[in-house]
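Beneath this line is the structure, given in structure tokens, with notes to follow.
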Amino acid sequence: MSGYEGEASSGPTPAPRRADKPLPAICDPNHLLHRVVVLVFMCFLGFGSYFCFDNPASLQTQVIKDLDQNTAGFMQLYAWYSWPNVVLCFFGGFLLDRVFGIRLGTIIFSLFVCVGQVIFATGALVNRFWLCEVGRFVFGIGGESLAVAQNTYAVNWFKGKELNLVFGLQLSMARLGSTVNMNIMGWVYSKVADLVGSPGHFTLGISLMIAGVTCLFSLFCALVLGFLDKRAERILHKEEGKTGEVVKLTDVKDFPFPLWLIFIICVGYYVAIFPFIGLGQVFFIEKFNFSPAEARAVNSIVYIISAPASPVLGFLVDKTGRNVIWVLIAVVTTLAAHMMLAFTFWNPWIAMSVLGASYSLLACALWPMVAFVVPEHQLGTAYGFMQSIQNLGLALISMVAGTILDTRGYLLLEVFFCTCVCIALMAVVSLYFVDYLRGGDLNRSASSRASLLKEAEESKRRQSQVTEVDSAKLTPMSAFGLRNRYLSRLGAQLPHHCSTHLSSLAHRSVLK
């Protein structure tokens, strides 16, 4: 019997192959229900990292007392998290694309998060603060790169469908992890102290080990996501997702001036948010006579508001445009919130609620502006550099903030944070005028931006058509086509069925 399909054979006619049974909706990678299942694991992928990142903030008094540290030493726990990411922000995408792949890379970075948290907790158990710092360093290696992997999975599964909503949900889940940490870890510590018999570094270590269970859960999510993505690749014959980042340090010299202003805004703003939250619990206890539980609750309101507000404000910015104006509003309201906390005794829930809304608004309006000022091939470098200097600023300002608090107190610390926000404010105002002089691309309305994009796509389509025609003219002709062209030059009438070569036909029309 011949192996060629359609060839006659003397044997019996084989039965027709039965069509593959369609997959149930929840198992079909093309179906929305299956993507929702993937989205659940995708959102919880970063839950453990964000939960444990602010473990020091939720246990500020316990860490300082049990490990016999001052505030400057305490803030080193945040500085050591940021130091590896001054470099890794450039290469995290490269490692995921070229070295590990998205699936293995996600698992490896999740393991770094788990191991880092275990080392941190072990350092508390044995009362070795240097070991706690090593743990936070290892934790930082995995934390930021895991966020890159999470975004890559989102693009791979939801690009062209529900991507903006997915990014908003991922950010909301991250903030939920931070919020739960802020409000539950003090209670966990007290329960462990009751079981052990007394507070102390051993109690602190056990509490941090319990927090590490969330990192194990995120590692489980990374394993499940890897399995589901590999299965989808096999069923749909698609390629493994990539970050798309192309990092070239030589691109830095070509960055336009507006991008450097965006970098200044980023650093000036975020160094007044994260270090403040890291030190906020004791601030609310000392200035407003809050109980520890009340102080943790008000300190977490920034994350509580950010969780639902980020998708809503992102949708608002998408629909209205005017990114520079929104950033200006966010910076001004943040400055107002810090001034209320510094110079008034108004209920801090007001200032912290304003701070939460402003923080969410700035994230939605500032980060997309990078894509408006640099070409696509430089986006990886631009975002990597932006995250790098942000982490450098956080590492340095965390140490400075701890020193100020030890020597000068909370009032001067709040003045310092106000100064940082003022630097960001001056950069925003400068950006507004620089952008205005350059044509106002960053501050366009959404409708104006959409019309420009449509015109660019139309121009690209026309250029593509012209390129196709030129390519056809340059295509080498076969011997048959050359013969027809020669006969047409002689004036011979060609039969219709012979005029098959496109460039030959074009030449004949020109000659006539």
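Each Cβ is built from the backbone N, Cα and C atoms, and glycine gets one as well.
Taken from TrEMBL, the feature transmembrane segment covers 32-53 (among others). Residues 25-26, 81, 106, 110, 113-114, 117, 139, 142-143, 146-147, 149-150, 153-154, 157-158, 161, 166, 169-170, 173-178, 180-181, 211-212, 214-219, 221-222, 224-225, 228 of the same chain lie 6 or more positions beyond the ends of the transmembrane segment (32-53) yet place their CB under 8 Å from a CB of it.
Sequence annotations record features per position, and here TrEMBL assigns domain 'Major facilitator superfamily (MFS) profile' to 32-438.
What TrEMBL records for 74-96 (among others) is transmembrane segment.
Per TrEMBL, the feature transmembrane segment maps to 102-126 (among others).
Among the features that TrEMBL reports, transmembrane segment is placed at 165-190 (among others).
Same-chain residues lying 6 or more positions outside the transmembrane segment (202-228) and placing a CB less than 8 Å from one of its CB atoms are 29, 37-38, 41-42, 44-49, 51-52, 55, 59, 62-63, 66-67, 103-104, 106-107, 110-111, 113-114, 117-118, 120-126, 146, 153, 177, 181, 185, 188-189, 192-193, 196. Residues or ranges marked as transmembrane segment in TrEMBL: 202-228 (among others).
Counting only same-chain residues 6+ beyond the ends of the transmembrane segment (257-277), those with a CB under 8 A from a CB of the stretch are 54, 57, 75, 78, 299, 302, 327, 330-331, 334, 338, 355, 359, 362, 366, 369-370, 373-374, 382, 385-386, 389-390, 392-394, 397-398, 401, 417-418, 420-421, 423-424, 427-428, 430-431, 434-435, 438, 442. As annotated by TrEMBL, transmembrane segment applies to 257-277 (among others).
Summarising the annotation, TrEMBL assigns transmembrane segment to 297-317 (among others).
What TrEMBL lists as transmembrane segment is 324-343 (among others).
As annotated by TrEMBL, transmembrane segment applies to 349-373 (among others).
Annotation comment: TrEMBL describes 385-405 (among others) as transmembrane segment.
The annotation transmembrane segment is assigned in TrEMBL to 411-434 (among others).
If you look at the transmembrane segment (349-373) against the transmembrane segment (297-317), you find at least three C-beta pairs under 8 angstroms, all six or more positions apart, and that counts as contact.
Mean pLDDT for the domain 'Major facilitator superfamily (MFS) profile' (32-438) in this predicted model: 89.
Listed stretches 102-126, 165-190, 297-317, 385-405, 411-434 were compared with the transmembrane segment (324-343); the greatest number of C-beta pairs under 8 angstroms is found for 411-434. Remote same-chain partners of the transmembrane segment (411-434), defined as residues 6 or more beyond its termini with a Cβ less than 8 Å from a stretch Cβ, comprise 257-258, 261-262, 264-265, 267-269, 271-272, 275-276, 279, 324-325, 327-328, 331-332, 334-335, 338-339, 341-342, 397, 400-401, 404-405, 442-443. Ranked by Cβ pairs under 8 Å to the transmembrane segment (297-317), the stretches 74-96, 165-190, 385-405 are led by 165-190. The transmembrane segment (385-405) and the transmembrane segment (74-96) are in contact, since at least 3 Cβ pairs between them lie under 8 Å (pairs 6 or more apart in sequence).
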